[in-house]
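Taken from TrEMBL as is:
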COMPBIAS  B:248-268  compositional bias 'Basic and acidic residues'
COMPBIAS  B:269-278  compositional bias 'Basic residues'
DOMAIN    B:72-254  domain 'Peptidase M48'
REGION    B:230-278  region 'Disordered'
SIGNAL    B:1-23  signal peptide
Amino acid sequence: MKQTGNVEQHDSSAMCPEAVRQGPINHRNKWRGLARPLILLAATSLAGAAVADEYHYRDILIGTRASAMGGAYTAISDDPSGLYHNPAGIVHASELNLSGSVNAWHRTRVTYEDVLGDGRDWNRESGTLIPNFFGITQPVGPGVLGFSYVVTDSIQEDQDQTFLDVENRERFTINLNDNQSVYKLGPSYAWQVNDQLSVGVSLYFHFREQEEINNQLIVLDAGSGPGAGDSDIEWRYVQTQNDEWGIKPVIGIMWEPDDRLALGASIRQANVASAENYLFFTCHGSSISDSALCPEGDIDYVELSDDIRRDHPVEIRLGAAWFHSPRFLLSADISYHTAHTDVVRGVDGRDVEGTWNIALGSEYYLNNQWAVRSGVFTNRANTSSDVVAHDHVNLYGISASLARFTRNSSLDLGFSYSRGRGEGQVLPAGNEPQTMVAENITIFLSSSYTF
Amino acid sequence: MGRLRGAGFILLCLSLLAPQWLAAEHPARARLHQIQPVQAAEANERAEIRVGREVAARILARHELHPDAELQRYVNLVGRGLSMHGERPALDFYFAVLDSEQINAYAAPGGYVFVTAGALALMEDEAELVGVLAHEIAHVDARHIVNALGIRAPESSPMAGLTRFFGGAGEAAQVFFSQTVEQVVEVLFEEGLQRDDEFQADAMAVRLAARAGYDPQGLSRFLERMSEKDNGRALDEVSSTHPAASERLSRLSRQLDEEGLSEADRQRRAARFQRHVP
C-alpha cells in the first residue's frame, strides 16, 4: 500500500491532547499515531460505523432474477445481470437482451439499543432511491458481448435528532449526513468452449465516493466542578471524504455436465489505482466537566488528507443450479471474501476477517405469463466478534418477487429483507459493548427486454 | 491483482482442457415464458384442426361426398400442391368434392376444404379450379374464422371456463366446443364471413395461383361465369354468404392490373381438367 500523508493542524491551547499538539507529520507511522486518538475522540459521543457498509458485502442484491433469488445466481447468470454475477453464463443469453433494474427504495436501519439511557435507543437510518443495475448483451462473433452498470452499495443518511436529559446531559443534538455509493461499469465478453463449458470476463471500472458530516452538540447539566451552577457545552464536528477509483475484473466459468445441472464459479477483486481521503475534525471542550473531546473550554481542529489506497478482498463465488423443468429451478451459492487489512476513512487500519456467505433461490412459473421467485441469504459481518470496536452483526435475509412476462419483455416487483442482532461499540471505549440491530430492505421494480 | 491473474490462468487452462466430446445441448435452461409462445401456437393450431374436423363432419352430414374417387384424388392433388405455395405450408390440407348442385366452396378451420360438384361443373379449366381452391386456402391461411370466433387452445384463452375446453373433462367445455362448431357451420352456410375477409381471400387467391404457376385470372373467369348463370337456386347459398360477384370482379380486375398479372401467360391446364372432371 502506497501513501503520502499531510497533516495540517491548528492549536489554540497548550492543553490540547498529545496527538493534536504534534507538528506536521509526513511519515505514515507517525501519522497513524496521530490518527488513532482522533478516531477515538470522534467516537466519544455517538459515532458508530458508517452504515454503508465496510462490514458487510451483500447489502444490495444485483439484478432482476438474482435479487429475488437471494443472489444465488452464479450458476444461472444467463441474462444481463450475469455480467456481474458470472460473465461466463451470458453465453446463454443468445439474443439481444436489455435489462434495467431500479431499486425503488433501499432502506437501512441500525438500532443501538439503550445507549441513551432510560431504555432509549439510537437509530441510524438511510433511505435511498437508486437505479442499481443496467445491462445489455449481444452475440458478437463466437461469443456474447455485454456492458453493465452496477451500484453495489449506496447509503444516503440525513439525520437530525435531539435528545433531552440524557444522563448528565441537558440536551444532546446530532446532525448526521452520510452519502456513500460504490459504482461499477464496464464491458464483458463470454465465449462457449464447448456445449458444456463457457468462460467469461468482465472488466469493471470501480468508483467509490463517500462523504460524511457528523455534528454533535452536548449541553451539559450544571456540575460540581469549576463554574458549578452554570451549564456549558461540548461540541464536535467531523467531516470525512473518501474517493477512490480503480478496476475490478471478474473472471467466470460455467460448467454444465448435465442438461439440467449447471455449476458456476467466479473470482473478482477491486484494485484501487487512486484514492483521496480527507478528515476535518473540530472540537470544543467543556469547562465544567471532564471532556474527552477537548480540554476545558478549548477549541481545536485538525485537517488530514492522504492518498492511501484501500485493499479490497478477493471474492470467490461457487454456485450450482438445477433446472428441474421449464417451470421450476433451484440454485445455491456460496461466496468467500478473503481476509485483508482495511483502511477506515483513510487513516486507520483494521483486520478484516475472511467471510463466508450462502444463498439459496428458486423460481416457479405459475403459467407462461407469471412466475414467482424466492430466496434466502446471509450477509455476515467481516468483523471479529472479539473486537468490540467494530460492529459485529450477522444479517440473515429473505427475498421474493412476482414476475410478469409478455412476448419480449418482463416486469418484476419484489423485495429483499435482512436483519441481524449483534454488538457494537458506539459508546466510548471502556463501556460494555452495546447491543445493536441492523435491518436492510430493498423494494425493487425492474424490467428487461429481448429483441 | 496477482492472485486474479493466477486464477484467470487456471480458468483458461481448464477451458482448454475441457472434454470436447462431452457436447450436449441445454434446453432445460429455457424458461416457460420463452418456450410456451411456441407451444401455445401449436396448441392453438391443434384446437383449430379439431374444430375444423368436427365442422367437416357436419358438412359431410349435409352433403354427401361425390362418388367419383378419381375426381376426389385429382382435386386433392391440385389442392395440396397449391397449399404448399400458401402461407401455412406445414398445415395438412384436405380437399373433397361434395355431391351438391349448389355452386359453392367451403373452408373449415384447420385446412378442410370442400368444393361442390355444381361449382366444378361450371369450371372450364384447372386454373379456375385453382382460383376457387386458392380462395378457400386463403381463408384458412388468414385464419378468418378462427379469428372471428376466437378459436384457441384452452391455456391461451383469457376465460377460465375455457381452460378445460379440449380436455374433455368438463361438460361445460364440451357444450362450448359444440357451440363453436355450430357457429362455424352457420358462418359457412348462412352468415358468411366479413366482406373484407372475402375480398382479402380473393386477393390472396390471385397471388397464390400465380405463385403456383397458374393463370391468376382463373378465379375471375369463374366468378364471371357464375354471375352470368341464371340459376337462382344453385346460387342461393353463395349469394347469401359472399359479396356480390360484380364487386369482387371489379376489385380483382383492379388488382390484376396493379400487380401486373392481367397479361400473365400462365397455365390453365384445360385438357387435364376436362379429363378428370366429367
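Counting begins at 1 with the first residue displayed.
Cβ atoms are placed via backbone N, Cα and C, with glycine included.
Any TrEMBL annotation is an automated prediction that lacks curation.
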For the compositional bias 'Basic residues' (B:269-278), find every same-chain residue at least 6 residues outside the stretch whose CB is under 8 Å from a CB in it, and list them. 68, 70-71, 74, 120-121, 123-129, 214
DSSP helix, strand and coil counts for the compositional bias 'Basic residues' (B:269-278)? 7 helix, 0 strand, 3 coil
Helix, strand and coil totals (DSSP H, G, I; E, B; other) for the compositional bias 'Basic and acidic residues' (B:248-268): 11 helix, 1 strand, 9 coil
